[in-house]
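Trainee: Okay, these came from Swiss-Prot:
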{"type": "TOPO_DOM", "residues": "1-508", "note": "topological domain 'Cytoplasmic'"}
{"type": "REPEAT", "residues": "78-107", "note": "repeat 'ANK 2'"}
{"type": "REPEAT", "residues": "111-140", "note": "repeat 'ANK 3'"}
{"type": "REPEAT", "residues": "376-405", "note": "repeat 'ANK 11'"}
{"type": "TOPO_DOM", "residues": "530-533", "note": "topological domain 'Extracellular'"}
{"type": "TOPO_DOM", "residues": "555-668", "note": "topological domain 'Cytoplasmic'"}
{"type": "TOPO_DOM", "residues": "690-696", "note": "topological domain 'Extracellular'"}
{"type": "TOPO_DOM", "residues": "718-1680", "note": "topological domain 'Cytoplasmic'"}
{"type": "REGION", "residues": "1362-1554", "note": "region 'Disordered'"}
{"type": "COMPBIAS", "residues": "1365-1380", "note": "compositional bias 'Basic and acidic residues'"}
{"type": "COMPBIAS", "residues": "1388-1397", "note": "compositional bias 'Polar residues'"}
{"type": "COMPBIAS", "residues": "1471-1502", "note": "compositional bias 'Basic and acidic residues'"}
{"type": "COMPBIAS", "residues": "1505-1516", "note": "compositional bias 'Polar residues'"}
{"type": "COMPBIAS", "residues": "1574-1602", "note": "compositional bias 'Low complexity'"}
{"type": "REGION", "residues": "1574-1643", "note": "region 'Disordered'"}
{"type": "COMPBIAS", "residues": "1603-1612", "note": "compositional bias 'Polar residues'"}
{"type": "COMPBIAS", "residues": "1613-1625", "note": "compositional bias 'Low complexity'"}
{"type": "COMPBIAS", "residues": "1631-1643", "note": "compositional bias 'Polar residues'"}
Amino acid sequence: MDTTTSIKMTTLAIQNLFSYVEEENLAAVKVHLDKFKEVDGRSDNGQTPLMLASEQGSLEIVQELIRRGANVNLDDVDCWSALISAAKEGHVEVVKELLENSAYIEHRDMGGWTALTWASYKGRVEVATVLLENGANPNTTGQQYSVYPIIWAAGRGHAEIVKLLLEHGAKVNCSDKYGTTPLIWAARKGHYDCVMHLLENGADVDQEGANSMTALIVAVKGGYTEVVKELLKRNPNVNMTDKDGNTALMIAAKEGYTEIVQDLLDAGTYVNIPDRSGDTVLIGAVRGGHVEIVRALLHKYADIDIRGQENKTALYWAVEKGNATMVRDILQCNPDTETTTKDSETPLIKATKMRSIEVVELLLDKGAKVSAVDKRGDTPLHIAIRGRSRRLAELLLRNPKDGRLLYRPNKAGETPYNIDCSHQKSILTQIFGARHLSPTESDGDMLGYDLYSSALADILSEPTMQPPICVGLYAQWGSGKSFLLKKLEDEMKTFAGQQVEPLFQFSWLVVLLSLLLCGSVALVLGFTVDPKLAIAISLSILALLYVFFVVVYFGSRREGESWNWAWVISTRLARHIGYLELLLKLMFVNPPELPEQTTRALPVRFLFTDYNRLSSVGGETSMAEMIATLSDACEREFGFLATRLFRVFKTEDTQGKKKWKKTCCIPSFVIFLFILGCLIMGMALLAVFKVDGQNQTVNAVLVSMASVVGLALLLNCRTWWQVTDSVLNSQRKRLHSAANKMHKLKSEGFMKVLKNEVELMAKMAKTIDGFTQNQTRLVVIIDGLDSCEQDKVLQMLDTVRVLFSKGPFISIFASDPHIIIKAINQNLNSVLRDSNINGHDYMRNIVHLPVFLNSRGLSSAKKMCAPAPANGETGNSEGWHEELDRKLSQNSLGDQTKFGSKTTLNRRDTYRRRQMQRSVTRQMSFDLTKLLVTEDWFSDISPQTMRRLLNIVSVTGRLLRANQISFNWDRLASWINLTEQWPYRTSWLILYLEETDGIPDQTNLKTIYERISKNIPTTKDVEPLLEIDGDVRSFEVFLSSRTPVLAARDIRTFLPCTVNLDPKLREIIADVRAAREQVNMAGVTYPTLPLQEGRPISMYSQQSSACSPTASFNGPYNPPGVSPQPHSAYFSGMAGPQHPFYNRGSASVVSGTPSILLSSMSTDVICERVKLIDGIDQNLISQYTATIKKANINGRVLSQCNIDELKKEMNMNFGDWQLFRTSVLEMRHVENQVLHEEAPSEQGSITVGHVEPCRHAGAAAQGVAGNTDTSPMYNFNLSFEELSNVGLEEPPRHVNATWMGTTHRTPSMSSLNSQESSNEICKLTDKQQAEYRNAYEDYIASMSQLELGMEKPVPPFVSQLMHSSSEDKKKDGNDQDGRKSVSKRGSTKSGSDNTDYASADAATLDPITEEDEKVDHGSSKSLLGRKTSGDKVSLFQGADLKLKAGGGSRYQKLTSDDEESEESDNAPLLKDGKKPEAKASDGGDRSLTKGKDYLSDKKDSSDSGVRSNESSPNHSLQDEEADLSQSERANLIELDEENSARKRGLPNSLSGLQDPTIARMSICSEDQCSLLASSPEESWPSSKSYNLNRTPSNTTLNNNTNAQQGNHIRQPSDSSNTTSTTTGSDVIINPGTSTTSATTQNENVRVVHLKRGLNPGDPPEILKVSSETVTFGEERESIL
């Protein structure tokens, strides 16, 4: 058909027809066709209206067009027919219409596609069905790729069409041009239904398609699990590979299809088939990171050592991927860990490069070799250390054998060790420790010495610092001071070595020298050759020289590598010319005076003695060697000639201040030039005229010149000789020759030689400095003084002082100050000793800047960096220091002075920094001086002290800055002065702060000092260290001085950087307390500051009173309320119970162990305790107490109840609840501690026969701790309630619970009793006595108020008041007196035990401060134990012991010497709680026990105390235990008046005693007992445990001890334990009085105490003590 013609004939009408067809406007089409007959008109692309209508699916139009005769088989330019268009678009009806009208069903378009192909491609199921039914060919193919309809249908997922085609005969295994079958196409996209139809129709599963892919491979690649499963059911060849050699398993493994991999493995796939690159399935899985697949493959025994591409194994790939889990799995199969890649890397090397610590560890565990090397020769160690990985290096070196690899070089010659050394921060030292810690190690500032050395170097190189200065580097022997010396030396050199190299300059000297050179050349040539030639050559040389000088001059000032040679020549020329100039100046010029350093700071240089060459320190020869090394250093620095010629040409003082040295009023250099001129002229004349007899004139001139020169030489023969001598003989030679002549010179002559040499050296340094405008400082380092012979130390110090006290010397002592001071003390002559000058004063006088090395302090300082407030005084704008502070920080002086400023500073920076420091230092010293001198405490300051203080302030300031701690200079100055003048007392303050938590920063030191002052020894006999402190009154004035008042914050800020305070002082103080702890078993805590809660016993909670400043130390410090005691016996080994006066304002929770355990308190005690809680709302007290009584909240309830339930029950307001809760928790804590520590107590505790077992529980624990050895019996097992109820008619007193804590009993009362101790006691001042007296009066008054129902306010402690001093005890009479007085106190005679206890307690009277005296509502001043106003502590309620007002303090009796000795020996812990079996049968024993008991008493102060405290009921003869319980319950000791009358010598009214009969022993009482009471020992704090029951008897401890010990076990009438003659005692508790009965009828026990110390004639003393008061503690002495 002629298509072209038809197209050209297209008309507008045809276009209209097309538009109507497009719009599907049938009517318009009809109208148009009616009008125009042309049906088959064509569009531009050859389409007919029928094709368009078929494509659009407009059936009616199609029908209309066919009816009008349209040709159904026409095609367009693309050979598309109407049928193809309709089939493609899926218009079934149109297809049917066309087929009915004979459309050609197999018509192909230009691509060879039939209508069926299009229907299959497009998924037109209905169309395909119609076509197939009408006979379409299902196996037709396209022209280009020969793709069958079924392939299109399968590949595109048209499952129904696939099924249709298969049903109509389509080939199931047909393939396209590349051999890809329908099954492969269907599997490729995972069309499951298509695959199923194909498989059901017998599709071949192993046919390969494009790229050799089978259906299985493409299905696996697509991850179509279901398809794969179906394919595998057809048993395909699972090992077929694609074109890259990948099997289905390889592909699945790489892609991570775990389930498919498992299916394939189950189907028997080979696991070790490699791909084309050689990688196996396992490697593929590993590279993909698929752990489960790897495990599956390993389970199927995949080969793990096959090498893939680049020789990498699966293990290597796992390492490279960093997958530790996979590595672990592979390693379990024992792979070869040493296979290498093409780069010779093993898995271990790769793991190390990747820094995979876990993988490295796994490989090493599997035995991988650390010695493997890569192609560069690097081992894993090289790599780890180069990568700075400490952990890796540590792992690699864990086998010591591999340490050798540190020194194995790689191909470049690097060893791991050298690589490490080349880095600033070594990692090998972190692994092995500082194997090569050396002073020069810049990276190893492990000792914190960098800051010290930098700060010191900064000060010593400060231009304004005026030598001589002596620095003391103090540290314990062996602490590495020598390291610091080397560091210090290096630092000083870097601080000083910052001068710029001088460059060549033209000067008169250069001109003169060049002329001389040329002249001499001319002379030589003139003599030898022709004079004219000589002149020409010399002038040429001169010209060349100056050209050379000019080039060097300008070239050295040019930048750039090419001019380096000029700079080198310029500096060398300058150096040599400068040296020549120096030599000439030495000969002809007087040295100029150095300018004032404040106007112009000259650079500083240091010369050091080589202290390492000293074989031994001490002795003249070593000093000579030291000076010799210094002279060697001078020669190295100043030059060989200058130093030796100085001896000849040194300036004499007679020269005056003129510039030139003169000879006969003519400057020497003029004479020299004249002679030199004569010489040169003569030579010139000789050269020109020769020696010619004809030339008279010349000859005359020559003769005259020769005579001038000759005369000059003759006159200076002596000088020439001196020059020759000094040049040949160095200073070192002279010193050695002097040392060799020691036997002739003697010591004095030798010292004179040394002195001359040192002065010459100093003068030389000063002279050369004048010429060179430098400051030279000669540093003499003396190391090892602490290891030389003691007798040489003083001599060495004197020598240093004599030799180096003038001139530019800096002496540095590195030594252990304690050893040195000890050596000085041994060797000081008697005159100095008599004038109270000791080694410490001597060293202080010599050393201007002490530095105690304390690296711990510095490290802690780092925690207080910049954020730290400026010591709370930032707002204090008054004064220069604020301004200076601000300036310093703003100028970042802190940064610039960071002491590391080494040579990296360029010249300008250095200069600026120096200027800044200089101005700061100047301002600081000026203002500090003004500040310090205006202060009162500085009135007696000497210039030397001032200098020392300023030096220390300067160093400390630098260290603070280095740690970025902000501070104020005036506070720092005050602190330094405090530590300088009173180091010992300051150490006490610091120790207190270190050991006590929660002290607010604002607390001023005065407050703290008041708390601990009484703990500090007052006499040097007791504490030799007191010698190092200044006047104590000045110290107190200083602490309260107006500006600035130092506070706790200041200590915390300054302490880490304080260099002048010996840290060992605190150790000594602590050690002393610890020692005393062992001796005394009981301690006293420091008083807590009112502002904080007391803490439970601190570390030192039990100190032996023997050593501690207070007689007994239950803790590091007194209880919050305890006013510290005088310390006279601080080191004397005496111990005494602590005096119990309490300060009122103590924290609600009292630190220290309570005397009474919480669980043993009754409701009344609880009520009393609540009242005593600091800060509780007093208006609501009545409501709270009512609640407590109503709910029956007693101690046992509080110790076990739920706190939340308690809160609901108490219904307190928030604040009160917090205070109450804290108090309860504290008491619980203390009880737990006590019970824990004293678990053994129950066994040892005295079990009172009839006391219910429950009693024992609570108290026992306490009791036990106190007496260890002998006091098994002291443990009281009575519960508090039982004790309190025994025979009490009134509510128990809870006042001083503290005394109860037998646990804290200080065992060494005995020592108090020693003669020595009593002597010491006598040393107490009257003032203290007066304080005691007043305090005691107040105490009695308060007790009387407290004593609610008591007829007689007899505080058991009163009895204690009467402790007889050891002297008294020694005197039998005294003892008896003491006893009597005690008995007086109560009509009952207390078993001597009681008395003992009492006396012991009495011994502990503390001085009472005024604040102590203000006792709250009767919380008596007595601070029992540590608890503040004992009430806080469990108060032993039941007893009389209700001390008045807070349980008046008890006075304990001092033990006698024997007792003391025994006690000290026994110093048992109550814990031992040995059973009373130890009843002492004989007095000796008794006393021993006594001592021990006493010790335990220290807790309780006496047995009775012990007993009373805990299970104190005396075992009365009848039912001792019952009685005891009763007696204890009735802690109240009522003394019979008759007894009191009996007591001898007790004044009826002891000061403040209300009832003469009761007459508590007052400190002021005249009686010997009272004397005891008032004796200094009173000042000893009584131990916490006091026997409440104890009667005041003064009987000696021995009696008490024996009696009580006996009592513990003793049979009622048995006095077997007691050797003391005990008459039947009257201690009887009426049967009617049950332990629980409120009233106890105390029958007086009549006891005869036999005092061990009694003189043979003394009659035994009989004391009556209420049974209540009798305690078991010393029941060993039986109470009959």
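Heads up, the Cβ atoms here are built off N, Cα and C, so glycines get one too.
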Trainee: Average pLDDT across the topological domain 'Cytoplasmic' (555-668)?
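Mentor: Average per-residue pLDDT within the topological domain 'Cytoplasmic' (555-668): 78.
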Trainee: Going by DSSP assignments with H, G and I as helix and E and B as strand, what are the residue counts for the topological domain 'Cytoplasmic' (555-668)?
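Mentor: Counting residues per DSSP class in the topological domain 'Cytoplasmic' (555-668), I get 65 helix, 11 strand, 38 coil.
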Trainee: Would you mind listing the long-range same-chain contacts of the topological domain 'Extracellular' (530-533), meaning Cβ under 8 Å and 6+ residues beyond its ends?
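Mentor: For the topological domain 'Extracellular' (530-533), the nonlocal Cβ contacts are 522, 687-688.
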Trainee: According to DSSP, how is the repeat 'ANK 3' (111-140) divided among helix, strand and coil residues?
Mentor: 17 helix, 0 strand, 13 coil
Trainee: Determine how many residues of the repeat 'ANK 2' (78-107) DSSP places in helix, in strand and in coil.
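Mentor: Output for the repeat 'ANK 2' (78-107) reads 17 helix, 1 strand, 12 coil.
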Trainee: May I have the DSSP-based helix, strand and coil counts for the residues of the repeat 'ANK 11' (376-405)?
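Mentor: Its residues divide into 20 helix, 0 strand, 10 coil.
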Trainee: Using DSSP, how many residues of the topological domain 'Extracellular' (530-533) fall into helix, strand and coil, respectively?
Mentor: 3 helix, 0 strand, 1 coil
